[in-house]
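Engineer: Quick paste of what Swiss-Prot says about this protein:
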- D277, D333, D335, D341: Ca(2+) 2 binding site (BINDING)
- D277, D283, D333, D335: Ca(2+) 1 binding site (BINDING)
- 67-249: domain 'SMP-LTD' (DOMAIN)
- 240-363: domain 'C2 1' (DOMAIN)
- 401-521: domain 'C2 2' (DOMAIN)
- 227-509: region 'Phospholipid binding' (REGION)
- 9-29: transmembrane segment (TRANSMEM)
Amino acid sequence: MGFFTSVLGIIGFVIGIPIGLILGFFVLIYSQPSHQEYPPARPLVETSISVLLDLLPDIPLWMKNPDYERVDWFNKFISYMWPYLDKAVCGIIRSSVQPLFADYIGTFCIESIEFENLSLGTLPPTVHGVKFYETNEKELLFEPSIKWAGNPNIVLVLKVLSLRIRVQLVDLQFFAIVRVALKPLLPTFPCFGMVVVSLMEKPHVDFGLKVLGGDLMSIPGLYRYVQETIKRQVSSMYHWPQVLEIPILDSSTASVKKPVGLLHVSILRARNLLKKDLLGTSDPYVKLSLTGEKLPAKKTTIKKRNLNPEWNEHFKLIVKDPNSQVLQLEVFDWDKVGGHDRLGMQMIPLQKINPGERKEFNLDLIKNSNVVMDSGDKKKRGRLEVDLRYVPFREESIKRRKESREEKSSEDDDFLSQAGLLSVAVQSAKDVEGKKKHSNPYAVVLFRGEKKKTKMLKKTRDPRWNEEFQFTLEEPPVKESIRVEVMSKGTGFHFRSKEELGHVDINLDDVVDNGRINQKYHLINSRNGIIHIEIRWTTS
């Protein structure tokens, strides 16, 4: 009898433990307190220092940090707009996740996934302070502190083996400091090309998850595991320097196209050109340009009294879009008096040239680029021989530039022999003043004997030019400098119409090493004048 009693006791123990655990689990997740007591409220001045330290994380940033500003007006705006924002955001969520749900249907015996309810609740997020940054870039940079303790009603229904499983998200909390950059700033509405978002610290995420009516987050250990996993995953994707880029404007219209390469053009020779002069000869020269450029066309020398000229002259043209730009070649007869007669022309799309490949063209000259009008012209206008090579720029990081210069001396020699493009962007100036009451400032860029000017702005001490100039170079400008002068020009009848408001000499070694500098400089011979200049060096 004692043996059977021992066996039954062991069986009862083995069966009782799982049953007890299951019953305890359901009692834990379904039990709700019947009576809740709220703590007494006391004035803040009556609290101790330890209590204040506990409350410190909940105090708005504009109270703790003077760099953060209050944005009550923005919170009111969000509050009034929240019912409409709720529906708009939920509509975007529905359309975005439907394809994801479709991928899971048929796997793990899932027959359907759909939202039974989808609402972000009645409590909008609030911004507890905003910090703005001043940068030298064309961007608007700010950091809002966002807190959202919402009451969303999000119910997802999964149908598995004809069984409906309801999953409900409740009591969502999300606290984060977000860095937002609107860039680049543009003259096209809405005046910025994209929104770049990143998190400055790990976000605080808290929520309840009910499955079949029970709170799954009440299971010991599961809540902390899920919370840490979400923080880790979100931080790995969006914690600075990782960013989320949201394009606003199309790339074709978002910004001014930057140079992407150099087109090396060799004008070799021409044959059997038209006779335009009275003596049966011509004085030909070639004008060459790229479509879509506002820069003046480049010209060869004039070959006097020659219908079969030999030039062998070389030019470099800046390419911004090799897929759409076209090289336009025009042959003119030079005349001392009156306009120059066009002997013929031809056009070469850059798409016909592979990057890095040298290609020679022997072109039949035509009257004009209009195919319909030119088809009726049977006159032979001669031939033009040119040699083309398109060399795209290389995008290199600072680290790669420095490593390439430190690895070998031979590689260093190759680096110093690379041709490239020096771009100088004169952005703006501040507090430039001369002897006269009103200044009409403009900037002059001086480099290797070349002089380039910005437009003149009338009656201002804080001009904004935003103009860029390019210099094509055969080698990097090592141990060289560039001078930028700010001048003022009188608009009336003055004996001394020009006046220098200040200047700056910029060493280009840092530009060659780093590829780019973007700084503000104090003007020499100016009391408080500052000029903002960006310089880029791009190798081909």
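Glycine is treated like the rest: Cβ placed from N, Cα and C.
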Engineer: Quick check on the domain 'C2 1' (240-363): DSSP residue counts for helix, strand, coil, in that order please.
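Structural biologist: For the domain 'C2 1' (240-363), the helix, strand and coil counts are 7 helix, 57 strand, 60 coil.
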Engineer: Do me a favour and check the Cα-Cα span between D333 (Ca(2+) 2 binding site) and D283 (Ca(2+) 1 binding site); whole Å is fine.
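Structural biologist: Between the Cα atoms of D333 (Ca(2+) 2 binding site) and D283 (Ca(2+) 1 binding site), the distance comes to 5 Å.
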Engineer: Run through the Cβ atoms and count how many others sit within 10 Å of the one on D333 (Ca(2+) 2 binding site).
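Structural biologist: Other Cβ atoms within 10 Å of D333 (Ca(2+) 2 binding site): 19.
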Engineer: Same chain only, sequence gap of 6 or more: which residues have a CB within under 8 Å of the CB of D341 (Ca(2+) 2 binding site)?
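Structural biologist: Sequence-distant Cβ neighbours: K276, F332, D333, D335.
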Engineer: Determine the Cβ neighbour count for D335 (Ca(2+) 2 binding site): the number of other Cβ atoms within 10 Å of its Cβ.
Structural biologist: 13
Engineer: Excluding near sequence neighbours, so keeping only residues 6 or more apart in the same chain, what lies with its CB under 8 A of D283 (Ca(2+) 1 binding site)?
Structural biologist: D277, I302, K303, K304, R305, N306, D333, W334, D335
Engineer: What counts of helix, strand and coil residues does DSSP assign across the domain 'C2 2' (401-521)?
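Structural biologist: Taking each residue of the domain 'C2 2' (401-521) in turn, the totals are 20 helix, 57 strand, 44 coil.
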